[in-house]
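A.B. asks: Have a look at this one.
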C-alpha cells in the first residue's frame, strides 16, 4: 500500500522532463526565445551555426530545448536532432512575408519524417510587435496547418523580446505532451 502511494505521489509531483526541438528559418527569433525563457532577458544573438541547448524550468516541468540554426545550408542537419523529440517548436518571423512559403516547405518536409511522427507541434508566430506582422490566422493559412490531420498542433502569437505568448506556448506543450505520454 505504501509503495503504491509513493508511486502515485511521485507521478503527481515529480518533475516531468520533456525534450523539445526548436527550429525555423534563420532570423526567426529562436535563440532570442530560448534565452528569454531561460534567463528572462534579451540577449544579443548572432546567427546560430550548430545549436544551443538549455534546460528551462517551468511549472514543475524541465524542458530541454534544442535551438538549432536555421540557415539553409545547415537545415539538412535538423534531422540529427529528431530522435526522442516530444515537442517541436517551429518559429516563424511573422513579419517576413517573402519567406513564409519557404518556412511552410521546411515545416512540412520535417513533419513527414518518421522520427517526428509522435511529436506535437507548437508554432510560435513571432515578432508580433512589428506593425506589418501577419496574425496567427494568416500564418496558419500560409503554413497550411489546417491540412495537418494526423498531427496535434497549436499556434501561439509571440514577441520574443517582451516574452509575450511564450509561456502560454509552454503551457500548451506541457499539457499536450503529458496527455500523449
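Cβ atoms here come from the backbone N, Cα and C positions, even for glycine.
Below, the features straight out of Swiss-Prot:
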type	residues	note
BINDING	24-31, 67-71, 126-129	GTP binding site
LIPID	2	N-myristoyl glycine
A.B. asks: Any idea what DSSP makes of residue 24 (GTP binding site), helix, strand or coil?
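C.D. replies: Its secondary structure by DSSP: strand.
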A.B. asks: Output, ordered by sequence, the same-chain residues six or more apart from residue 128 (GTP binding site) with a CB under 8 Å from its CB, or 'none'.
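C.D. replies: Non-local contacts for residue 128 (GTP binding site): 94, 135, 157, 158, 159, 164, 165.
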A.B. asks: Counting Cβ atoms within 10 Å across all protein chains shown, which of the binding-site residues 27, 68 comes out on top?
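C.D. replies: Within the set of binding-site residues, the most crowded position is 68.
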A.B. asks: Under a three-state reduction of DSSP output, how is residue 71 (GTP binding site) classified: helix, strand, or coil?
C.D. replies: coil
A.B. asks: So which of the binding-site residues is most packed in, judged by how many other Cβ atoms lie within 10 Å of its Cβ, out of 24, 30, 71?
C.D. replies: 30
